[in-house]
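The following features are taken from Swiss-Prot:
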type	residues	note
TOPO_DOM	1-11	topological domain 'Virion surface'
TRANSMEM	12-32	transmembrane segment
TOPO_DOM	33-46	topological domain 'Virion surface'
TRANSMEM	47-67	transmembrane segment
TRANSMEM	71-91	transmembrane segment
TOPO_DOM	92-98	topological domain 'Virion surface'
TRANSMEM	99-121	transmembrane segment
TOPO_DOM	122-133	topological domain 'Virion surface'
TRANSMEM	134-154	transmembrane segment
TOPO_DOM	155-158	topological domain 'Virion surface'
TRANSMEM	159-179	transmembrane segment
TOPO_DOM	180-217	topological domain 'Virion surface'
TRANSMEM	218-238	transmembrane segment
TRANSMEM	241-261	transmembrane segment
TOPO_DOM	262-267	topological domain 'Virion surface'
TRANSMEM	268-288	transmembrane segment
TOPO_DOM	289-298	topological domain 'Virion surface'
TRANSMEM	299-319	transmembrane segment
TOPO_DOM	320-335	topological domain 'Virion surface'
TRANSMEM	336-356	transmembrane segment
Amino acid sequence: MFSCKQHLSLGACVFCLGLLASTPFIWCFVFANLLSLEIFSPWQTHVYRLGFPTACLMAVLWTLVPAKHAVRAVTPAIMLNIASALIFFSLRVYSTSTWVSAPCLFLANLPLLCLWPRLAIEIVYICPAIHQRFFELGLLLACTIFALSVVSRALEVSAVFMSPFFIFLALGSGSLAGARRNQIYTSGLERRRSIFCARGDHSVASLKETLHKCPWDLLAISALTVLVVCVMIVLHVHAEVFFGLSRYLPLFLCGAMASGGLYLGHSSIIACVMATLCTLTSVVVYFLHETLGPLGKTVLFISIFVYYFSGVAALSAAMRYKLKKFVNGPLVHLRVVYMCCFVFTFCEYLLVTFIKS
């Protein structure tokens, strides 16, 4: 049994890790909304909007780096992240011409920011389920704060509203060590120790073993993803569903996808129900988009993604349970979820940029 103090301490740490894991998406969101203007800076706009799928891919690539090397990168990464954010802050306040310096700064800092989701998820999904919800709450809250800052035009008025970004970096990086030292986390790590390996080693799931244990879950996630991508294409061409959403949807796709949703009951049943709801809602939008009006159409279109997120959350939770004896189970979860993020954000970029409704 663990004390209440240990649970509260770990809950606070993983909440801060959720704030930290949101930073690459917030970085992309801020640049895409503040510095993107297709008329005056076309190539910069493409760089910033492609930042979302790039961040997802880089987060996946960081999972291929051995854990000991990833941990060693923490100190230089946080120093460069804060330095880059300070330079961006200074450019916003004191410089009137950022058409070259800002894209270079954006591209230099993004790969290092993508380290944080890997380190955070590697810790969080070894902890009990209640602490995983605190992590997801932190990530969702961070994305919501910056989305509201853009909606209210606070970021356009003053660069001071970038300050939460610095707070997220400071709190999150400081919480990494605290979470690792917590006995709840270390006991979860101990349960993944292999009895057939030398002292200090843990069981690791290979690609073959992952495919053997979770074939239907991966197939169902792929089928759901293909279904929703087809829905996006059809509704974009026929119903102009992205009108007014292109500024905010990429952050929603990244944030909500990484946060998951509610999953109750059997994963396959939840996935089937959510796929059915996605299909029915898309049919309603397709045939009644003129009757629904802009607000009704937007609400129903967003609800399609909420259903999808809930279905994938149920399937990914089932995958984590099947891989609970392996220390890299959380990284498998990250790869699957962030590849789904990549597919959606890249598809949204292609549709909005090249396929006019």
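Each residue, glycine too, has its Cβ placed from N, Cα and C.
Summed and averaged per residue, pLDDT over the topological domain 'Virion surface' (262-267) gives 69. By the count of Cβ pairs under 8 Å, the stretch nearest in packing to the transmembrane segment (47-67) among 12-32, 134-154, 218-238, 336-356 is 336-356.
With a cut-off of 8 Å between Cβ atoms, the residues of this chain six or more beyond the transmembrane segment (218-238) that come close are 211, 268, 271, 274-275, 278-279, 282, 285-286, 289, 301, 304-305, 308, 311-312, 315-316, 319, 336, 340, 343-344, 347-348, 351-352, 355, 357. Helix, strand and coil content of the topological domain 'Virion surface' (289-298), in residues and according to DSSP, is 10 helix, 0 strand, 0 coil. By number of Cβ pairs under 8 Å, the transmembrane segment (12-32) is matched best by 159-179 from the list 99-121, 159-179, 299-319. With Cβ pairs under 8 Å as the measure, the transmembrane segment (299-319) is packed most heavily against 336-356, out of 99-121, 159-179, 336-356. Listed by sequence, the residues of this chain that lie at least six past the ends of the topological domain 'Virion surface' (1-11) yet keep a Cβ under 8 A from its Cβ atoms are 127, 130-131, 134, 178-179, 182-185, 187. Panel annotation: around the topological domain 'Virion surface' (289-298), residues 235, 238-241, 243-245 of the same chain, lying at least six beyond its termini, place a Cβ under 8 Å from a Cβ of the stretch. Long-range contacts of the transmembrane segment (159-179) within the same chain, counting only residues at least 6 positions beyond its ends with a Cβ under 8 Å from a Cβ of the stretch, are 9-10, 12-14, 16-17, 19-23, 26-27, 30, 74, 78, 81-82, 85, 88-89, 92-93, 116, 119-120, 123-124, 127, 142, 145-146, 149, 185.
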